[in-house]
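A.B. asks: Below is one structure. I have some questions about it.
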Amino acid sequence: MATRRQLANAIRVLAMDSVQKAKSGHPGAPMGMADIAEVLWRDFLKHNPTNPKWADRDRFVLSNGHGSMLIYSLLHLTGYDLSIEDLKQFRQLHSKTPGHPEYGYAPGVETTTGPLGQGITNAVGMAIAEKTLAGQFNREGHEIVDHHTYVFLGDGCLMEGISHEACSLAGTLGLGKLIAFYDDNNISIDGHVDGWFSDDTAERFEAYGWQVIRNVDGHDAEQIRAATILAQAEKGKPTLIICKTIIGFGSPNKSGSHDSHGAPLGDEEIDLTRKALGWEYAPFEIPAEYYAEWSAKEKGAAAEKSWEEKFAAYAKAYPELAAEFKRRVSGELPTNWAAESKAFIEKLQANPASIASRKASQNAIEAYAHVLPEFLGGSADLASSNLTLWSGSKPIRAHENVGGNYINYGVREFGMSAIMNGIALHGGFIPYGATFLMFYEYAHNAVRMAALMKQRTLFVYTHDSIGLGEDGPTHQPVEQTASLRLIPNLETWRPCDQVESAIAWQQAVERQDGPSALIFTRQNLAQMDRTSAQLDAVKRGAYVLKDCDGTPELIFIATGSEVELAVQAAEALSAEGKKVRVVSMPSTNRFDKQDAAYRESVLPAAVTKRVAIEAGIADFWYKYVGFNGRVIGMNSFGESAPADQLFKLFGFTVENVVAKAKEIL
C-alpha cells in the first residue's frame, strides 16, 4: 500500500511533468500543496467523479488558479473524465486543461479562477448558497442540503482587496461550512513576501469572525487531518487553516524559492526531484496501485446513493418541496413564468406611468419575485437608491432568516459581484445585485468573469448618467455603459420606460447562457406608446418606435432617458415635412445578434443619415451612424449641477438634436 507521501508525490510529478511538456505554467503551488490536497480529497471531500453535478457534493475551489495542475491532477487521479492525455495537453488549444481552471472544460472544476481573490469570493457565494438553500428546503430529520465549501488560497489572494470584502462578509454571516486552506509559503512572483506582505493574517481573520487554526505543517498529513476535523466541528464560523508549506516541495534546488513559482523546473531539475522524492517512474506514469488508492468512484457513488435514499424519504414526506428543489437546482423556470411575465408587461403597456426606470425595475422585481422564489437579491449598501427590495424581501443574517432571499452586501461592489457568481455557480438561485453604475468600475473583472463562465448573474446599475445631477462627475457615468457593452457574452440593457424595464428583466431571467447588466435612471421617464408588434419586438434589442410614411430620410437611434428626446425631435422635424424614424435600442448586444433581415428592417443600409442620442460616451455609436452620421453624447466628464441644467449644457435638448440632424439632411 502506498504511503500518504507517495500518493501526494503523484500530484507533484504530474504537475512538474505537465508544466515541463507545456513549456510554461506554475509547478510550485501544486507541489507545495500536494500533501494538503491528498488529505482533503481522500479523507474528507464528498464528491462523485461519475456525477460531477450531484447537487449535494462538497464544492472545491482553487482560488490560486495559477496552480491549475493541482486540480487537474486531483480530478485525473480520483477518477473524473480527465485522462492522462488531457494532462499532456495542458495549456494547449481546445484542451480540457487550460492554463487556469475554466468552468465548463474539465468536469469537477467548479469555477474559473486565476484573477487572484475571486476564487475565495466565489467560494463565499457558494457557501451562502448552501446555507440559504438549506434554510429554504431542509426540514427536521431531512437535511437534503448539507455540504461544505473548501478553498485553497495563497498570499496573492490575501493581498487582493476583494479577499477583504468577501472574508469580512463571510465572518459576519457565520458561514460555518466554509473552510479555507492558506498556502503560507512566504513566496510570490517577485520573491519572499516579507518586503510587501507582513500582515498578521491570523489576527486579521479572527477580527472578521473566523475560526483560525494556526501553524499547521502543510506537509504533515496528521496535522492537516486534525485541523480539518476541527474546522468541520465549528458550525457558526468559517475557518481558515494556516498551512506552513514549502513552494516546489521536493525540488532540490528550487523549492522554497520563487524560481519554482511560474516556470518549468527544467529537465535536469525534474530528474533531481524524482530522485529526491524516490519516484522511479517515467513522466506521466502512475502505478496502478496508486490509482486504486486515489480513486473516489466507489466511495462517491455510495455517498450519492445514500443521499438519494435521503431525498426519496424527503420526497415522500414533502412531495411539493422535493419537486421544487429539483426544479431549482436544474435551473428551469417555473411553468407559469412565461404567462405571468407576459401578463405583467402587457398590463404596464396598458397603464402608462412616467416613473424613473429604477422604480420600474423595483416594480418588475416585485412582480417577478412572487413567481421566482430562486431570486436572491442584494445591493452594495444602496437598497434605498437602487430600489432592490420588494415586499417579500427577507435579509439574510448569521442566525436569522437563514433561508432568506436578500443579502445586504455592504459597501463591497467587487465582492458582491464575485459572490453572486459563486451563488449562480452553486445552483438553486438567480442572483441579482445592485450599485450605482459609476461603481461598476470597482467590479468590472467579476462581471467579465460571469460572462466568461456563462453564468446567469444579474447586475443592476442605477443612476446611469449626468441625470443624477448634483453629486457631480465622481458619480456620473460617462463611459461605463459602453464599457459594459464591450464585454463579450454580457447583454447590457438600458430601457427607456417601465415597459422596456420589465422586458429587460424578463430577458435577463430567461437567458441561461450568460449574465445581463440592467441600467436604470434616477429621473422619471415618460412611457412610450406601442403596438402589440412593437411590444413583442423590444426583446430583439432594437425596434422601430416611431415611423414615417415611406422611406425615412433620417433615423434617430436612442436609448434610455434619451428616447423621449428623440421622439420630440422627430416630431419637430416631421412638422417641417421631414421623414424621420425613431429607433429605440435598449440592448445593442441583443440587436447585434439578430438576423440580417431584421437588422435591415430596423436600420436600412440605404438610409445613411443617422443620429444617435445617448447620455454616455459618444464614440461607441459610430458603428451604427457611420462616419458621416452625428452622435449627441458625452465627450467629457460631467459637472455638479441639477440634472436639467446638465442636459441643457451638454446638448441634450430638442433644439440641439434638430440642429445636428439638419447638418446632414
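Just so you know, glycine gets a Cβ as well, placed from its N, Cα and C.
Sharing the features that Swiss-Prot gives for it:
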| type | residues | note |
| --- | --- | --- |
| BINDING | His26, His261, Arg358, Ser385, His463, Asp471, Arg522 | substrate binding site |
| SITE | His26 | site 'Important for catalytic activity' |
| BINDING | His66, Gly114, Pro115, Leu116, Gly156, Asn185, His261, Phe439 | thiamine diphosphate binding site |
| BINDING | Asp155, Asn185, Ile187 | Mg(2+) binding site |
| SITE | His261 | site 'Important for catalytic activity' |
| ACT_SITE | Glu413 | active site, proton donor |
A.B. asks: Express the distance between the Cα positions of Ile187 (Mg(2+) binding site) and His261 (substrate binding site) as a whole number of Å.
C.D. replies: 8
A.B. asks: May I ask which residues of the same chain, at least 6 positions away in sequence, place their Cβ under 8 angstroms from the Cβ of Ser385 (substrate binding site)?
C.D. replies: Arg358, Phe436, Thr462, His463
A.B. asks: What is the total of other Cβ atoms whose distance to the Cβ of Asn185 (thiamine diphosphate binding site) is within 10 Å?
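C.D. replies: Here the count is 27.
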A.B. asks: Apart from Asp155, Asn185, Ile187, which residues in this chain have a Cβ no more than 8 Å from the mean position of the Cβ atoms of those residues at the Mg(2+) site?
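C.D. replies: Along the chain, the qualifying residues are Gly154, Asp183, Asp184, Asn186, Ser188, Val193, Thr245, Ile247.
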A.B. asks: Just to be sure I understand the packing, how many Cβ atoms besides its own are within 10 Å of the Cβ of Arg358 (substrate binding site)?
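C.D. replies: Within a 10 Å radius of the Cβ of Arg358 (substrate binding site) lie 25 other Cβ atoms.
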A.B. asks: What binding-site residues in the list His26, Asp155, His261, Asp471, Arg522 lie within 10 angstroms of Phe439 (thiamine diphosphate binding site), counting C-alpha atoms?
C.D. replies: none
A.B. asks: Return one of helix, strand or coil for Phe439 (thiamine diphosphate binding site), based on DSSP.
C.D. replies: helix
A.B. asks: Once the DSSP letters are reduced so that anything not helix or strand counts as coil, what is His261 (substrate binding site)?
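C.D. replies: Coil, per DSSP.
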A.B. asks: Cα distance, Asp471 (substrate binding site) to His66 (thiamine diphosphate binding site), nearest Å?
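C.D. replies: Cα-Cα, rounded: 41 Å.
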A.B. asks: Note down the number of other Cβ atoms within 10 Å of the Cβ of Gly114 (thiamine diphosphate binding site), including every protein chain shown.
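C.D. replies: For Gly114 (thiamine diphosphate binding site), the 10 Å Cβ neighbour count is 19.
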A.B. asks: What same-chain residues, at least 6 away in sequence, bring their CB to under 8 Å of the CB of Leu116 (thiamine diphosphate binding site)?
C.D. replies: Ser63, Asn64, Gly65, Gly154, Gly156, Cys157, Met159, Glu160
A.B. asks: Across all the protein chains here, work out how many other Cβ atoms are within 10 Å of the Cβ of His26 (substrate binding site).
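C.D. replies: Excluding its own Cβ, His26 (substrate binding site) sees 26 Cβ atoms within 10 Å.
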A.B. asks: Which entry in the list of binding-site residues, His66, His463, Arg522, has its Cβ near the fewest other Cβ atoms, using 10 Å as the limit?
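C.D. replies: So among His66, His463, Arg522, the binding-site residues given, the one with the fewest Cβ atoms within 10 Å is Arg522.
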